[in-house]
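Inspection log for the structure reproduced underneath, given as structure tokens.
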Amino acid sequence: MNIKGSPWKGSLLLLLVSNLLLCQNVAPLPICPGGAARCQVTLRDLFDRAVVLSHYIHNLSSEMFSEFDKRYTHGRGFITRAINSCHTSSLPTPEDKEQAQQMNQKDFLSLIVSILRSWNEPLYHLVTEVRGMEEAPEAILSKAVEIEEQTKRLLEGMELIVSQVHPETKENEIYPVWTGLPSLQMADEESRLSAYYNLLHCLRRDSHKIDNYLKLLKCRIIHNNNC
């Protein structure tokens, strides 16, 4: 197929470069380099960049969870306590692809934005608390810092997408509130590590959901479900 001069060329090159950066664990390009107020990026490119960025965040979240699991939780059985205890569990998220495909497009976009907003505070405190740990593992801290920064960028990108797809939509500030800071500051090491494990487990879970949801939405909105 000759892509010279076709509208696919820019998107294809962007995805190729972004995939190379992901393989090298380098942050993807900004969703809108000029900032939201002066954004001239097309809807197709906004989705391309959001999908690449969400996948990058999920990869980092998975790596950070694995690092923490290996270093701190061997044989402690934290996983049994982490099930269904995420602060975003109250959100009505689709459980499989079929449910996701049946979800109203506007509600789907709003759901992704709500999940991203609900992670602003826990990610900020995660970075702050890990920095304060004795002998804070650099591999975990650096990933936490990067995830916090890139999640803000992804949220900005999603708000731009919503403004293009549904310009009549008013900003929705309703999202689940995280109340787990006291648990991260407990004096008892077992309880504190369990709280960290739960938070990282939930982050990995939610970043995976967003990654999948964005791919489905891109297929629906940009390619008219022809994927």
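Note: Cβ is positioned from N, Cα and C throughout, glycine not excepted.
According to Swiss-Prot, the cysteine that forms a disulfide bond with C202, out of C86, C219, C227, is C86. Annotation for the recorded positions S54, N59, S118: lowest Cβ count within 10 Å of the residue's own Cβ, N59. Shown are the disulfide-bonded residues C86, C219, C227; the one with the most C-beta atoms within 10 angstroms of its own C-beta is C86.
For S118 (phosphoserine) paired with C227 (disulfide bond), the C-alpha to C-alpha distance reads 30 Å.
Of all the disulfide-bonded residues in the list C86, C202, C219, C227, the shortest Cα-Cα distance to S62 (phosphoserine) is found for C202.
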